[in-house]
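Student: Let me begin by handing over the structure; questions about it come next.
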């Protein structure tokens, strides 16, 4: 009562949030007359003006009002669409890192342009995440006109793109793409062997369209990049023969509510007998460790037969089992169930069984999107999941008011006793509304149900369209016609999310359909296409007015979904932009949701009222009962997702550590934290200064590279010894520019250092100073990483062999001598055994190891030594990480059994997973150092040749990508710039690197040696 009164006085949290934004909306409106006076060029110049303000210290909030006003004005000119005031509010909500709940037809696609434009001004990239490739392409092409008008670039990432296309798309200011692609590209980047091959930039800001579908419905779906695993396909087919001989309740217990099935004692005995007859069982006990794989396959085959239904959970097409998304009704192309379940379903359906795979990299959507520095989303249905959005993603939901009041009528549910009676009533209702000319969208929960209704309508001779996983090719065209007079569309939940159903029909899509039927292209005949659109638009407008008179679009739901959101999405197809509409659900006690969760209560109510089978019950109590059942399912699913997230957080922390380590190796940087006395990180970074020897080694190369990659290279002949002055004088002689990209690539290929030269190509001295400072520092950091690795190995060796609790005479000196020899290929003198305390021993061992490494550097050189170190480290890390993923999967599979020992499985998983990870990292360090010190000079040269060959291959591929990308961007008739040969240098001339030495004593000598 008190809460109700407070809301009445102060408004809901949504209303208060919107009130706070109103002054900014009014300020944007006041700017409109002034902006209308600007020319297109003046309006475009505002983008550069905003960027300059940000560079001078302004925040995005400081420029929000003018930026939104400019975006609105540009939209009017480029798209012929003006943002409503409520859309401006939606844009502010998205910019603030919240979820904007907007009704269907309120223009979410256009709303996203406001925060996209504002945040893209930072130059760090904005990702707009959609649910499918079609929407990504459509929105990028459509909204790209607006961004291009304002001087920003737009990219789109979809499946089947090459590396060059992906890199180009991610370098754009705004990038559209499907959720899976962003995830897989993140994983692929973290499997690459060169930082120059990365597609993505650091994840900065994402706007997730249909955020509930991606962050809630698909939260449990892991993205997995797999490699080939062990072969066991024949075993699935053999064990599958056992399942049809097992009976429910007698041999197994099926719990549909918990989505689980378990063998009974009698079922285990029967299975053992049948498996033995098939010669699959080893011994007589199914639970013997030697039969663990057999037991696992048996359980998966049992699940496949009892819990997974054809044309509901999956469909079979072209001899393949394709998963159907339970929330959208779409086929999930390329997806496979993990843990052998997909193979079990393939065995059940008697199609070719694909080999089991091995996980190479994996991440869930929950953890992927939490990597972004800022995240926001939009959908028509988020408020029912507001608690989960806040607890998992720290995202608040704000309900945006509609531009026009919603006048759709939502009727109470009709509940029948049997499914047969329900479908009879559904068909009668469809025919009745069809005769009136009212368009009808029939919503079903599965391919099976939509096909059944379609068959009945076909028998009655009623023309209709079907939209499901089997008939999805012309989805956009089907949805375009769904609002036409008398149209009947039978659809699963996929009913065109992202595509509005317009009363009277979508004129543009209908024109495209007509062109398609005539094998014509709109792009080839733009004037004819526009004329056709205008002609059809008149027809659609007149038809739309007629439909409004008879009640608008009629939504007929044939079953309640487990989630209220999915039902609300179906209802939301009608009543867009103030149009009339109707929605009603027809249910039966045999529906899955009713049968499992609410059937008994409603059945008792119907029996008490003495209602016949063919008469439905329609009452608010029944609707409330169904909603309560849905709430129970939603709460259960939330608990499942929350539990899975807690497990996945363990892997997430480990993944982040490995990927950060891998990335720092690839870019050639290392900045470790300072540790306290207990060995815990303090949060402060250790300061590493470049070694003088490395400075002297590297700096001559900077001048050499500048001469090599200048657009008009000449040889600096000054001999005053000041390299910087030599560079300055040489590049002052004429206006020259440096080919930064090629110079960066050369530095990376040779030294393994990725340097971002953000200065302009004509600022040669700044480039020289930056490279002269960063290259020696990065190489010193790489060397420091190796020394730290050696230090940790020695520390672990001393800790294990010489524990503080034992006197020195009881220490394992044999372990110390052997361990040092194995790791550093050096024999220790006998007098080491006279040292009596751990600290002194560790210091002595470290000094000897460091001297051994310095000797190794003298033999093979600093550059080659560090290149081999990086190569070995990446190789060992990747191999160990893949093995670790498999080990963690096995740990996860069996951890539930710890509960029988009165232990918390979750805590045990965290503890054991951490120990496994620490041991894995230590093992990698040990292997890397051992291999590095065992490399002799001859083998080092072979290693270098292999690394260089791999680098050249990647370099060539990158150049081919660059050429392909460059050629696409060349205007017609343009010629690419000619390649400039490097000028010949006489051996006695001064080396162009600026060292002051003769060429034949410096880099000329190197060329001779490698020729």
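Numbers run from 1 along the shown chain.
Note: Cβ is positioned from N, Cα and C throughout, glycine not excepted.
Worth saying up front: this structure is predicted, and the values here are computed from it rather than measured.
The annotation ATP binding site is assigned in Swiss-Prot to 87, 105, 106, 107, 108, 109, 500 on the grounds of sequence analysis. What Swiss-Prot lists as Zn(2+) binding site is 991, 993, 1002, 1003. The region 'Disordered' feature in Swiss-Prot is assigned to 969-1011.
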Student: To which of the binding-site residues 105, 107 does the lowest count of other Cβ atoms within 10 Å belong?
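Tutor: Sparsest of the binding-site residues 105, 107 by Cβ contacts within 10 Å: 107.
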Student: Whole number in angstrom, please: the longest C-alpha to C-alpha distance across 87, 105, 106, 107, 108, 109, 500 for ATP.
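Tutor: Farthest Cα pair among residues binding ATP: 17 Å.
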Student: Counting all other Cβ atoms within 10 Å across every protein chain shown, which of the binding-site residues 87, 109 scores highest?
Tutor: 87
Student: For the ATP site (87, 105, 106, 107, 108, 109, 500), what does the 8 A shell look like? I mean other same-chain residues with CB within 8 A of the CB centroid.
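Tutor: Near the ATP site, beyond 87, 105, 106, 107, 108, 109, 500, sit 102, 104, 110, 111.
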Student: State which of the following binding-site residues has the fewest other Cβ atoms within 10 Å around its Cβ: 106, 500.
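Tutor: Each of the binding-site residues 106, 500 was scored by Cβ atoms within 10 Å; lowest is 500.
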Student: Which residues does residue 108 (ATP binding site) neighbour through Cβ under 8 Å, counting only same-chain ones at least six apart?
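Tutor: Residue 108 (ATP binding site) has long-range Cβ partners 90, 100, 102, 209, 378, 379, 380.
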Student: Where does residue 109 (ATP binding site) sit in DSSP terms: helix, strand, or coil?
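Tutor: Reduced to three states, the DSSP call for residue 109 (ATP binding site) is helix.
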